[in-house]
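Below is one structure, written out as structure tokens; the observations come after it.
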Amino acid sequence: MDLTAPLLRAAAARPHILLVATPGGTAARLAAERQLRLDGLPLAPTPADAGILLVAGPDCPALRPALDRLWQHMPAPRARAQARTPEAVADAVARCRIELAARPAPGPASAPPSDGTEPPGGLPMAETAPDRDGLSLDQLHLSLGPFLADWPSGVTVRLTLQGDVIQQAEMGEQPATRGTAPFWAEPWARAAAGERVGAGEAARRRAAAHLDSLGRLLALAGWAHAATTARRLRDDLLDGAATGALRPAVRRFARRVARSRTLHWLTRGTGVLGADEARAAGVSGPAARAGGDVAARYRTWLAAVVRDVERLADPAPLDAAYDEGPRGRGDAGQPPSEALLRVLPGLLEGAELAAARLIVASLDPDPDELAAAAREVASRG
Amino acid sequence: MVEAAGWWPVLVAPALLLAGAVLAVAGDAMLAARYAGRPARAAVAAVPLLEVARLLAQQPRTLPKADRLLWRLGVVTVPVAAVLSVLVIPFGHRAVADLSVGVVWFNAMEVLTWAGLWLAGWGPNAAFSLIGGYRFVAQGLAYELPLMFALISPATAAQSLGVGDIAEAQQGLWFAVWMPVAFAGYLAGVLAFAFLGPFGYPAGRDTAAGVLGETAGVDRLLLQAGRWLWLTSGAAMAVPLFLGGAAGPGVPGWAWSALKTLLVLAVLVWSLRRLPVLRADRYAEFAWVVLVPLTIAQALVPALVVLDR
């Protein structure tokens, strides 16, 4: 009796999906996250867990090797597709599922081929160096990015660890892509170009951006229920729901998260960025206003979301000097996310590895903005 | 009276445990669907079966220079220890083996998962996986002592380490009622050794699923099954320890055992998505400064009552 075919069909009924957004692909990512949530298809946190690799966003030549590495690490049966635009998502997922169900029996297990850049054995040998107490301890080098679940895609941080304490953090090169304006900062870009943009529209985009950031932070903190709620509210906002319909749910969500003593207890004292220090580094927006730790930053987001939801119907024109973008003001052609990356190594050094991802998520630099900035640098140089 | 009956419970006990775990996964999927704004259709109940099919069809993973022997050993240990732990838990008035040291047996099987999970983290030769393994050890240092004191409290009150004796000693008043701290400490311990929900730190998203991050196919199936089997086993053990065992009016003992187990399981599953993951470094501080003294004080209560009797 051949059991393989029905087994593969059952497996294709609920594949886990590794969703990877390329810089400039925020709109496609949002469409994909929304569809997968409504279809009940789980997002895989690692390639080992995934059956489908779904790339959301435009091509990015610099990131192609990293994408191929993810693909090599996925176990068979597997399928791969790219959705360059939000409209292409449904089709890409459907195609992959058909391919998964039809695939012949998986071949023999094999190790992913080495691309020559990895040291033998997959892990570098540990070296020793003096730690902060003057003891000689093993050092481990570990790269975060360019692709991780709930991570600003394209960003790479090279860490030197001793135990679970980060001794050194270095930012990698930012990949440039061809693409459109950053999705989250779009109303501000249009206003800067002289177009008339309503303050209500900008508030809607900003609230959705903060909820997107909150969804990422809460997912990393392992609070599944709150993360799902943040993403549902984000999708409702982008669908154009009115203030009256959103108010009760947003308030309930903001109250529950802001008052959670557990979340506060887990995040307080991590990644402290004082207001003066932030302004000196060119950081504006919520990170500068919060002037504190991870907990202060997510509470600032929550307060901003509650405020913005009240202003969704505001017909006044957007005044960019008063109404900042979701990540702050872009001064002198520099997007605000760039300043966030600048302060990042300083915040990571001395932190524990468990706090590192939370610190990055609490600043949440926007890969779209970074890619656009890298594009300008490349064209200038 | 708990009796050890024939050979057939050896087959029935693991089957019941598996059924409980399948119900728990289906319940969790149902809650996930509700929170995500999908209608909770009956199809959601098929999620555990689809997951099993998916993982059986998936290619297992091999990594360069992996320690395959220890990796497999660790992965197998987790579900096997969970199944072995139920041997001493009475269902109705029957247990596979009502050992005179049943509580110690349960605890010993639970500590086996320490070794199993650490090996599962060590085996793949990958940084995040190893970190996941160490995280479980760190978490173990935090939850184990309060859990042990929580287990000792009902044993002290019953003046026996046999699970059947403990269930019987609760004629009249459940231990959960006059040992609430021990009961709460025990339930937290169950979530912790199942490393699910708020105690999912070893498989945390911040380390790319940690100890689960490099496993695929059957390996992942065994580890995931181990988590849910442990959750179910922990829920089943709570019944004789704290909830009066199979005692109850009207229906037969096995029905009371099943009902109470499912209720505890439902509470545990409900709690999974309601709290952030507790970082072991912060939880350890709380466990040692608050939970250990509290559970010791709790263990003192039945000790004094027994002395006075």
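Backbone N, Cα and C define each Cβ position, glycine as well.
Sequence annotations record features per position, and here TrEMBL assigns transmembrane segment to B:69-91 (among others). Only residues 6 or more beyond the boundaries of the transmembrane segment (B:69-91), in the same chain, are considered here, and those with a CB under 8 A from a CB of the stretch are 2, 9, 12-14, 16-17, 97-99, 102-103, 105-106, 109-110, 112-113, 115-124, 163-164, 167, 215, 219, 222-223, 225-227, 229-230, 232-233, 236-237, 239-240, 245-246, 254, 257-258.
The transmembrane segment annotation in TrEMBL covers B:111-134 (among others).
Per TrEMBL, transmembrane segment is recorded for B:141-161 (among others). Packing against the transmembrane segment (B:141-161) from elsewhere in the chain are residues 100-104, 106-107, 110-111, 168-170, 175, 179, 181-183, 185-186, 188-189, 192-193, 199, 241-242, 280, 283-284, 286-288, 291-292, 294-296, 298-299, 301-303, 305-306: each is 6 or more residues past its ends and has a CB under 8 Å from a CB in it.
According to TrEMBL, the transmembrane segment annotation covers B:173-196 (among others).
Per TrEMBL, the feature transmembrane segment maps to B:228-247 (among others).
If you look up TrEMBL, you'll see B:253-272 (among others) marked as transmembrane segment. Long-range contacts of the transmembrane segment (B:253-272) within the same chain: residues 20, 23-24, 27-28, 31, 90-94, 187, 190-191, 196-198, 231-232, 234-236, 238-239, 243-247, each at least 6 residues beyond the stretch ends and with a Cβ under 8 Å from a Cβ of the stretch.
A Cβ distance under 8 Å defines the sequence-distant neighbours of the transmembrane segment (B:284-307), meaning residues of its chain 6+ beyond its ends; these are 138-139, 141-143, 145-146, 149-150, 152-154, 156-157, 159, 178-179, 181-182, 185, 188. Per TrEMBL, transmembrane segment is recorded for B:284-307 (among others).
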Positions on the same chain near the transmembrane segment (B:111-134), where near means CB under 8 A and six or more residues out: 61, 63-68, 70-78, 81-82, 140, 144, 193, 195, 202-204, 207-215, 223, 226, 230
Same-chain residues near the transmembrane segment (B:173-196), Cβ under 8 Å, at least 6 residues beyond its ends: 110, 113, 117, 136, 139-140, 142-144, 146-147, 149-151, 153-154, 157, 166, 202-203, 211, 227-228, 230-231, 234-235, 237-238, 241-244, 264, 267-268, 271-272, 291, 294-295, 297-299, 301-302
